[in-house]
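Participant: Before we start, here is the structure in question, set down as structure tokens.
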Amino acid sequence: MVPSPLALLLALGAAATALAEPLRFVDCGSVDGSIQEVNVSPCPTQPCLLHKGTSYSINVTFASKIESQGSKARVYGEMLHVDIPFPIPEPDGCKSGIQCPIQKGHSYSYLNKLPVKSEYPSIKLVVKWELVDDQDQMLFCWKIPVQITD
């Protein structure tokens, strides 16, 4: 039996939606904000398979509980309970989709890229992503399991 064009279209639509599904994440200390949703694209299943030489889109929707002139991102690879700094191209949250100054009670979409360099080892680890305000308090902090692969 040959599938109908409509069935194929529905299957493709479902597959595309799966790529944009919000991730299950662990909140690791969001004090000055509350996370509404975390998306890493493409990451259709968890742990996210991060392919070397590829860049991944990060989109975090959060609500701020405070006012802040700016924000700064810090990213870590967590292995054996040790945080290893993970460089990102743009640590300034105000240049990553957030309109600054940040206002109390407003929701924001933080957008950034996670580049996975070819020289990274092929390992399983936890990505920990923090966004801090002017007082170095966490607007958000989330963790997801990943596997770096070729």
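Every residue gets a Cβ built from N, Cα and C, even glycine.
Because TrEMBL annotations are produced automatically, they should be read as predictions rather than curated entries.
Pasting the relevant annotations from TrEMBL:
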DOMAIN    25-146  domain 'MD-2-related lipid-recognition'
SIGNAL    1-20  signal peptide
Participant: If I take every residue in the domain 'MD-2-related lipid-recognition' (25-146) and average their pLDDT values, what number comes out?
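Facilitator: A mean pLDDT of 95 is what the predicted model shows over the domain 'MD-2-related lipid-recognition' (25-146).
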Participant: Could you break down the residues of the domain 'MD-2-related lipid-recognition' (25-146) into DSSP helix, strand and coil, giving a count for each?
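Facilitator: Split into helix, strand and coil, the domain 'MD-2-related lipid-recognition' (25-146) gives 3 helix, 69 strand, 50 coil.
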